[in-house]
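Inspection log for the structure reproduced underneath, given as structure tokens.
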Amino acid sequence: MEDKLKRNTLFNPSGDVDLRLRRMIGGNTTNLNDFNNMKYSWVSDWYRQAMNNFWIPEEINLSQDFKDYPRLDKAERTAYDKILSFLVFLDSLQSNNLPTVSEYITANEVNLCLHIQAFQECIHSQSYSYMLDTICSPEERNDILYQWKTDEHLLNRNKFIGDCYNEFHEKRDKFSLMKTLIANFILEGIYFYSGFMFFYNLSRNGKMSGSAQEIRYINRDENTHLWLFRSIILELKKEEPDMFTEEKVKIYEDMMREGVRQEIAWGQYVIGNEVQGLNSQMVSDYIRYLGNLRWSGLGFGFLYPDNQKEPENMQWVGQYSNANMVKTDFFEARSTAYAKSTALIDDL
Ligand SMILES: [Fe+2]
Ligand SMILES: [Fe+2]
């Protein structure tokens, strides 16, 4: 196959040093972690932001959540469990797929970012385990952790992205890499959001505030992951126009629409009209708005003409998810949790 990608050579003294020869894919990298000479200048800002975002799940106090969890309404509790199960699975999939992507990225500064992202995805999975360990019994915890296999809706949801990632693992060509990058973008920019908004909604109703705080840290990381993948895709648009023929872009657009469709269906299944403060219409309007935001962020315009603006009744989501815009509250909450930092050593 002519567009089969060549895996990076690990020890490669004959790799290119000249920045002008560096490419996102198809180049010849030495693999040197050279922080002084970067072709993709946005990496410096990205790296600094990712470092600044470092956090430890156990620094967030979940003692109120321990009391709140048994008192949640049945619908809230079912949604909490299923959403958590979904998120644990997605973060695991991410941390396992990213190293495969970086085997074919020939700009080492970008690989640095992908490795940091993989590390953060592991922290996300661990934060969910910490939440489950705190609020429920080991039996309940294990049941929730594996609902992604036993709940038919959940399994189907994971299949779309899972199959796409699997295709890349098998084919390792340019087109399947691009589909994996788009799937990644859908996952981090659309899929997580029904879950995130559910936790934020609980918190604004005075429930599970520690869980929402965990999610805010995760969400802050996810924002940088989106930034990374958007940048990679935009660079590839410039460097590899054959990956963006009209026919191929149509396939990426269909993937994006399918991702939005599935996220709305999932939101209706797991949240529906049963959770105080949310309803199906709010969920679908918000997810379509996100679809527009993501697709236009790649320079392709809007998918849903009626959903170009953030729905007014969902503006509270942004107050939670844009953590860097509300630094004061965010870091005040963090500093109180530092009081128990000695306990961390035992926990880890
Ligand atoms: Fe994550
Ligand atoms: Fe992520």
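Glycine residues also receive a Cβ, built from the backbone N, Cα and C atoms like all the rest.
In TrEMBL, annotation is done automatically, which means it is predicted and not curated.
For ASP91 (Fe cation 1 binding site), the same-chain residues 6+ apart in sequence whose C-beta sits under 8 angstroms from its C-beta are GLU121, CYS122, HIS124, SER125, TYR128. In this structure, ASP91 (Fe cation 1 binding site) is part of a helix by DSSP. Annotation comment: TrEMBL describes ASP91, GLU121, HIS124 as Fe cation 1 binding site.
When secondary structure is read from DSSP and collapsed to three states, GLU121 (Fe cation 1 binding site) falls in the helix class. Annotation comment: TrEMBL describes GLU121, GLU188, GLU222, HIS225 as Fe cation 2 binding site.
The active site annotation in TrEMBL covers TYR128. Within 10 Å of the C-beta atom of TYR128 (active site) sit 24 other C-beta atoms, taking all shown protein chains into account.
Annotation comment: TrEMBL describes 181-200 as transmembrane segment. Beyond its flanks by at least six residues, the transmembrane segment (181-200) meets 79-80, 83-84, 86-87, 90, 93-94, 97, 101, 160-161, 164-165, 208, 211-212, 215, 218-219, 222, 225-226, 229-230, 232-233, 236, 252, 255-256, 259-260, 263, 266-267, 270-271, 275, 278, 283, 286-287, 290-291, 293-294, 297-298, 314, 316-317, 320-321 of its own chain at Cβ-Cβ distances under 8 Å.
Surrounding the centroid of the Cβ atoms of ASP91, GLU121, HIS124, where the record places Fe cation 1, the chain contributes additional residues within 8 Å, namely LEU87, LEU90, SER92, GLN94, SER95, GLN120, CYS122, ILE123, SER125, ILE218. Of the chain residues outside the Fe cation 2 site list GLU121, GLU188, GLU222, HIS225, ASP91, GLN94, GLN117, GLN120, HIS124, LEU187, PHE192, ASP221, THR224, LEU226 have their Cβ within 8 Å of the site's Cβ mean position.
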